[in-house]
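Undergrad: Here it is, the structure, as structure tokens.
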Amino acid sequence: MAEKIKVIITGALGKMGVEAVKAVHEDNELSLVGVVDVKGKGENFSEIVNNKEINLNLENDLDRIIAKTKPDVMVDFTNPQAVFNNVKTALSNKITCVVGTTGLNEVELNQLEKLAIEQEVGVAVIPNFAIGAVLMMKFAKDAAKYFSDVEVIELHHDQKMDAPSGTAIKTAQMITENREQRPPRNTKEFEKVAGARGGDVNQVRIHSVRLPGFIAHQEVIFGGVGQSLTIRHDSYDRVGFMPGVIMAIKHMIETKGLVYGLENIM
Ligand SMILES: NC(=O)c1ccc[n+]([C@@H]2O[C@H](COP(=O)([O-])OP(=O)(O)OC[C@H]3O[C@@H](n4cnc5c(N)ncnc54)[C@H](O)[C@@H]3O)[C@@H](O)[C@H]2O)c1
């Protein structure tokens, strides 16, 4: 049998990290060898996830766990302040990286790409691991060839700080790559309430809803003469991101350099 891919997870105590720990543990081709979180104090992770099989002590020092476990892959779900240094450390040790943390800027991405190439390993930066969301964007891009009038409604939990979502902006960009120049609207529009018509990204209106009870949802609505087309994706649980995480780990172990976005792996 082929050797299992050895994986460590940084940000393991976080909402995404915990799900990633469980998903990596359950996959037959992967071996979870380390869990890292700045909040870690050596406690056993089996108690945190209530699974005796995940018998690993939580570390707070990435260098130490790399030296101890010699992993093949690091999965990072930390925060924008931590992610760059974590990935730099991992790549410098020839460890493939799968990054779910958002917030890396273009300069940082270029540096990480250069380092990955030098070290002959792969780094995947994936803003959205939900396979359904990636398909939604792809289908929206396809539809834009035939429908030039489109608006996006994105709906998220009320703790989300930024608006519109990164996925909505990316959807608008992908739509504009593929649609004909939109003729100017004849209707003389005015907003009785500021913002009523949403935000404008490349002439795609985006409406952001923030309510408790929601996780992450998006509708792309195309309007044509006598017809409309709605493409919708719903995330109900963070577990829905995990098939994308596992797919990225297995793909990246065979890849060198930077891959940005799950659509380039699927
Ligand atoms: N790509 C995707 O599909 C996707 C989906 C959801 C969330 N996210 C992103 O993933 C990241 C994590 O999200 P979350 O909801 O799990 O956040 P969270 O706040 O619940 O967890 C972050 C964890 O990282 C730990 N941490 C901080 N600095 C660290 C460091 N230097 N080393 C190790 N651990 C460190 C924190 O202690 C915390 O436990 C965010 O950037 C979020 O936007 C991405």
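Keep in mind that glycine also has a Cβ here, set from the backbone N, Cα and C atoms.
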Undergrad: Do you know which of Asp37, Asp72 TrEMBL groups with Gly11, Ala12, Leu13, Gly14, Lys15, Met16, Gly100, Thr101, Thr102 in the NAD(+) site?
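TA: Answer, per TrEMBL (NAD(+) site with Gly11, Ala12, Leu13, Gly14, Lys15, Met16, Gly100, Thr101, Thr102), from Asp37, Asp72: Asp37.
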Undergrad: Under 6 Å from ligand 1 by Cβ, which recorded positions from Gly11, Lys15, Asp37, Thr101, Lys160?
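TA: What lies within reach of ligand 1, judged by Cβ under 6 Å, is Gly11, Lys15, Asp37, Thr101.
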Undergrad: So how many of the residues in the domain 'Dihydrodipicolinate reductase N-terminal' (5-129) end up helix, strand or coil by DSSP?
TA: 49 helix, 29 strand, 47 coil
Undergrad: Please state whether DSSP places Lys160 (active site, proton donor) in a helix, a strand or coil.
TA: coil
Undergrad: What's the number of neighbouring CB atoms sitting within 10 A of the CB on His156 (active site, proton donor/acceptor)?
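TA: There are 22 such Cβ atoms around His156 (active site, proton donor/acceptor).
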Undergrad: Based on DSSP, tally up the residues of the domain 'Dihydrodipicolinate reductase C-terminal' (132-266) by helix, strand and coil.
TA: 44 helix, 40 strand, 51 coil
